[in-house]
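K.L.:
First the structure, which I've put down as structure tokens, then a few questions once you've had a look.
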Amino acid sequence: MITASHNPEPDNGVKLVDPMGEMLEESWEEHATDLANAKDEDIGSALQRIIDAVDIDISLPSDVFVARDTRPSGPPLTQALLDGLKVMGSTFTDFGILTTPQLHYLVRCHNSKGAYGEPTEEGYYKKLAQAFLKLRKDAGAKKKYEPVVIIDGANGVGALKTRKLQSHLHESLRITVCNDGSSGKLNEKCGADFVKVQQKPPAGLEIQPGQRCVSFDGDADRVVFFYVNKDGVFNLLDGDKISTLIAGYLGELVSASGLQLNIGVVQTAYANGSSTRYLEDVMKVPVSCAKTGVKHLHHKALEFDVGVYFEANGHGTVLFSDQAEQKIKAASQDDSLESSKREAATRLTLMMDLINQTVGDAISDFLVVETILSTRDWAAEDWNMQYRDLPSRLLKIKVKDRTAVQTTDAERCATAPAGLQEAINKLVAKYQQGRSFVRPSGTEDVVRVFAEADTQANADMLAHEVSVQVYQLAGGVGDQPQPPCAP
């Protein structure tokens, strides 16, 4: 997949899809890095090193699926890739412009011999739309939920593909697509990352109070919801809110079906503390914490029969184990079960079809959320009221060498430099509902500092005080961090 996701339009990059439609196996990352950094004249030897290291028989046939997002640099990069595939003797299919999750879907469909779905773009829309429409068939009259939504397409591929999806939904959902790429640049002042980081609506949207809005990112693998209340205050419904909504609904269906399945939620340390407490204390759903990065959450979610994982940025999905899928499908067809249990199992079966289990998928996740809101007869404000997010602050501190900071416990505890975690613990203890952690960036010499507390002022001050400790103990460069300005 040729894309740079949520990054600016001039950037581009590559995402590699494993044979079952999942993300690249972690052990292959060093091979990809080696090849990406090879000089032109050394590409042959870099490829040979990979062939030798993994013991690849290059006489065997290979088949590659290729797609790209809407960036202007996409076509020449695609052509370069196709030229390379020809040299290697691969067969390939160039699908042109797709969302990243659509390519993941196509790979799994092809390699599962159609068991996961029809391996075409049209098959993707049909699978999602059929499940969505069946789940809404007996929806009944609604008092609060309105089947009307505005989508910020980030001026990217998600806007194009949502338009294609609309014809399959048969007016069941009235969608207005804004930032559709007809004007404006990809991800510029729009898209899920902008809305999440800036905590405000994207450019190009006119929003009425209470109107439910959705933002995709540049390649449509992230989604966040938002609305403005009657007082004009912006409210974000991010990955934490999405995961609690989905986990709660699936948990109810599992319970109603009578099936013995363990359901769990996987978060990162960045998840809002209120969401974790709500899941564990109110919903009684177990929560696991994984290192930052979707691949880590995906792997952890496999430990549950039904594993829900989302990063706060809106990237996530639900995984059903093979055993869970078999039990659910069998129950949905078991005439000896009482009708309420069979109906719950049938809804779970349809939810499995609606969810793209290969990877986080903005379009699929959007339809899942709409299904649950409709079933519950909730407006966006009802959803948001389930728990109140704690105020938080994220800062970046430049350091000489990011490897000076080492962490453990899914990045929630610093093991180096000496004294840093002890200093953080003392600072956190000063604040009500305080929590803070630090982690080195994976790509640049900066250390990220996250803090949350009972008020925004306290979260800001805690983040500042921890950033000073990072600066002093971990080799900060430039000026020492200054305290936040008083409001």
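Each Cβ is built from the backbone N, Cα and C atoms, and glycine gets one as well.
Features from TrEMBL:
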type: DOMAIN; residues: 1-40; note: domain 'Alpha-D-phosphohexomutase alpha/beta/alpha'
type: ACT_SITE; residues: SER5; note: active site, phosphoserine intermediate
type: DOMAIN; residues: 62-114; note: domain 'Alpha-D-phosphohexomutase alpha/beta/alpha'
type: DOMAIN; residues: 120-224; note: domain 'Phosphoacetylglucosamine mutase AMG1'
type: DOMAIN; residues: 238-378; note: domain 'Phosphoacetylglucosamine mutase AMG1'
type: BINDING; residues: GLU311, ALA312, ASN313, ARG439, PRO440, SER441, GLY442, THR443, ARG448; note: substrate binding site
type: DOMAIN; residues: 407-466; note: domain 'Alpha-D-phosphohexomutase C-terminal'
K.L.:
Sequence gap of 6 or more, Cβ distance under 8 Å: name the residues on the same chain that satisfy this around ASN313 (substrate binding site), in order along the sequence.
P.N.:
ALA192, ASP193, LYS196, ARG222, VAL224, ASP238, GLY239
K.L.:
Per the 3+ Cβ pairs under 8 Å rule, pairs at least 6 apart in sequence, do the domain 'Alpha-D-phosphohexomutase alpha/beta/alpha' (62-114) and the domain 'Phosphoacetylglucosamine mutase AMG1' (238-378) touch?
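P.N.:
Counting Cβ pairs under 8 Å (6 or more apart in sequence), the domain 'Alpha-D-phosphohexomutase alpha/beta/alpha' (62-114) reaches the domain 'Phosphoacetylglucosamine mutase AMG1' (238-378), since there are 3 or more.
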K.L.:
State the Cα to Cα distance, in Å, between GLY442 (substrate binding site) and SER5 (active site, phosphoserine intermediate), rounded to an integer.
P.N.:
17
K.L.:
Would you mind reading off the Cα separation of the residue listed as 'active site, phosphoserine intermediate' from GLU311 (substrate binding site), to the nearest angstrom?
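P.N.:
Cα-Cα, rounded: 15 Å.
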K.L.:
Report the DSSP secondary-structure composition of the domain 'Alpha-D-phosphohexomutase C-terminal' (407-466) as helix, strand and coil residue counts.
P.N.:
20 helix, 19 strand, 21 coil
K.L.:
For the domain 'Alpha-D-phosphohexomutase alpha/beta/alpha' (62-114), give the DSSP counts of helix residues, strand residues and coil residues.
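P.N.:
For the domain 'Alpha-D-phosphohexomutase alpha/beta/alpha' (62-114), the helix, strand and coil counts are 26 helix, 13 strand, 14 coil.
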K.L.:
Among the binding-site residues listed here, PRO440, GLY442, whose Cβ has the fewest other Cβ atoms inside 10 Å?
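P.N.:
Each of the binding-site residues PRO440, GLY442 was scored; lowest Cβ tally within 10 Å is GLY442.
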K.L.:
Applying a 10 Å Cβ distance cut-off over all chains shown, what neighbour count does GLU311 (substrate binding site) have?
P.N.:
25
K.L.:
How many Å separate the two farthest-apart Cα atoms among the substrate-binding residues GLU311, ALA312, ASN313, ARG439, PRO440, SER441, GLY442, THR443, ARG448?
P.N.:
20
K.L.:
Test of understanding: give the count of other CB atoms lying within 10 angstroms of the CB of ARG448 (substrate binding site).
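P.N.:
The answer is 21.
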K.L.:
By a simple count, how many Cβ atoms lie within 10 Å of the Cβ of SER5 (active site, phosphoserine intermediate), its own Cβ left out?
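P.N.:
24, counting other Cβ atoms within 10 Å of SER5 (active site, phosphoserine intermediate).
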